[in-house]
Each structure stands twice: as C-alpha cells, then as structure tokens.
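As recorded in TrEMBL, the features of this protein are as follows:
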type     : residues : note
DOMAIN   : 23-287   : domain 'NADH:quinone oxidoreductase/Mrp antiporter transmembrane'
TRANSMEM : 60-80    : transmembrane segment
TRANSMEM : 92-115   : transmembrane segment
TRANSMEM : 151-170  : transmembrane segment
TRANSMEM : 177-195  : transmembrane segment
TRANSMEM : 201-221  : transmembrane segment
TRANSMEM : 233-254  : transmembrane segment
TRANSMEM : 274-293  : transmembrane segment
DOMAIN   : 289-341  : domain 'NADH dehydrogenase subunit 2 C-terminal'
TRANSMEM : 323-346  : transmembrane segment
Amino acid sequence: MNPYILAILLFGLGLGTTVTFASSHWLLAWMGLEMNTLAIIPLMAQHHHPRAVEATTKYFLTQATAAAMLLFASVTNAWLSGQWDIQQMTHPLPTTIITLALALKIGLAPVHAWLPEVLQGLDLTVGLILSTWQKLAPFALILQINPTNSTILIILGLTSTLIGGWGGLNQTQLRKILAYSSIAHLGWMILVLQFSPSLTLLTLLTYFVMTFSTFLVFKLNKATTINTLATSWTKAPILTSLTPLILLSLGGLPPLTGFMPKWLILQELAKQDLALTATVAALSALLSLYFYLRLSYAMTLTMSPNNLSGTTPWRLSSSQSTLPLAISTAMAICLLPLAPAATALLTP
C-alpha cells in the first residue's frame, strides 16, 4: 500500500477514536465511530484476497448495523428526554439499545458471531489493530453512559466469558483462538464495569499489552495455525520458550501480569455479593486456560523428530522490529508486582 494512503488511513483511525473520546454529544460520538470504521476498511481489504474481502464486508455490515442502532437510540433519547448529552442518559430504553449497539461494535456475546470470522480473514497486523485500537472508542462510550441496567451487563459479561472459553476449545486457527480470547476478556471487563469503571480500564490495558505481545510473536513466526507454531522452535528458540508465559498470562495464571485484573475483578464481585457470578466467571477462565495450554504445548513440547502435519518453512530472518515485542513481552509477564500500586490508584 502507498505510504501516503497508509498514513492518511492511520490518521483517520486515530482521529475517529479521538473524536469519540472528546465528544459529549451523541452525533459527534457516532461520527467518530463511523470515521473509525471507514478508515480501517481499506486496511482490511488491502490484500484483495477473497477471504479478506469477505471479512471486510462482514465487518462493514455489522459496524453499520451497530452505528444505525446507536443513532436510532440517541435520537430516541433526544425525543424522550430532550437532550443529546452522552452522560445524561436517563431513560432505560435508549440506554439498553445503546449498550447492545456498543456490545455489537466490540463483539460481546451473544452478538459476537462476526468477530472470529472477520479476524480469520485478516492478516495479523490488521487483526491486532482490530483487537486493540478498535475497542477503545466503544469502550469510552460504555464507560460514559454508565449503564443503569445491571442485569443486562452481567448477562453480557457471563455469556461472553463462557462463549469465549467454549468457542476456542476446538479451534486450530490462531486468529480464531485470539478472537475468542478477546470475547472472553471483554466479558470480564463488562462484568465489573458498573462496580468499578477504573478496574475495567486496568483490565483493558493489561489485555492490550498481552494481546499486542501475542500477535507480534505470531507475526514473527508467520504462524496462522497451531501446526505452524510447532516449527517455531527452530526459528526463535528463546522467544519460543517465553511465549507460553505470555499465553498463560492471557489465561490469567499467577505470578504473571494477566492474573492481576482477574484477581481484582473476582474480589470486587465478591464484595458486591455476587459470589455465584464470580464462581461462573472463574470457572469459565479454566476453559480459556485449556486452549492457551494447547498452544503452549504445540510450541514447546512438540520438538522434532516428531511427525508433524505442518511443513517446516524456510528459516529467513524477519524484517520485523523486535523492540516492541521485547517491551510488550516483558510487560505481559512481569507486571504483577505492581498490583498494590494499581489497587491504590483504583480505590477512590
């Protein structure tokens, strides 16, 4: 892609998110989300592969549906309450519709079906943007409307953690596994949103760091299926021995970074007398942990001379810069000791 066009599209992505962040009026927020969608579409379809075009079309249709729902709900809100302010959502009907529209935007279950399909059709770089940057603007809006209907949030959160765990169990495609992992993590964030918005933000940030690291590892190995991961040992042995730690951090095992948000969320849910919800969420994390362990096993415990169905690729040195990977990997593994600082910041 022409670097000038790429720069304009990335600028559009950044601008769309910033407009949504800065807006207090529903029309401006909607406009920012639309700019975001329209800027990422050429990036998604840049390879002109039938799969990429199909994924782009699916993404466009779901995002357009969500944006239309958002616009409809904000107009309804203006009609019922006479104001367009994001933080003054008083009527339950438009609040619920907007919550569902934003859930569709970020791919929460039960409106998640587009996310694995879309991510599977994209290359890893655009997939990374879709899994991280594209979640920011809708999340900013969800945090601002502070949905009053707690039941719908808990239902969305629990179904997301369960479907995110179950969906990834039988997958062999890495991008689909990462999509289901994304759904499960978003479920955890939505569960705790109404009790501690700052904790949701902390979870979002740690999820970004771990996902960034995972995508960069797969990109360095040019891996898209579990079989290709098994041959990564010959390419980058030290990275391959660190990757299981990143994956287990995504699964939320102590003493890794990913344990911190899950631990704090379970603690918060227990404080709010939601012991059953906390138990279901904790058990659903085991489902996710299973497929992260599967990936770890494929990477580190299937060394040659095993008979693998994957073919060994050429060992070409990668042109990818390794500094972002090094920083994000260190953060994904080592940040748990900062948990007391995080809790001190979170307590009002």
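Cβ coordinates are placed from backbone N, Cα and C, and glycine is handled just like the others.
Beyond the transmembrane segment (151-170), the same-chain residues lying 6 or more positions past its ends with a Cβ under 8 Å from any Cβ of the stretch are 96, 99-100, 103, 108-110, 112, 116, 176-177, 180-194, 274, 277, 280-281, 284-288, 290-291.
Long-range neighbours of the transmembrane segment (274-293) within the same chain, counting only residues 6 or more positions beyond its ends whose Cβ lies under 8 Å from a Cβ of the stretch, are 154, 157-158, 161-162, 164-166, 168-169, 171, 177, 180-181, 184, 187-188, 191, 247-248, 250-253, 262, 265-266. For the transmembrane segment (323-346), same-chain residues at least 6 beyond its ends with a Cβ under 8 Å from one of its own Cβ atoms are 196, 198-199, 202, 206, 209-210, 212-214, 216-217, 220, 239, 242, 245-246, 249-250, 254-260, 263-264. Confidence for the domain 'NADH dehydrogenase subunit 2 C-terminal' (289-341), expressed as mean pLDDT, is 80.
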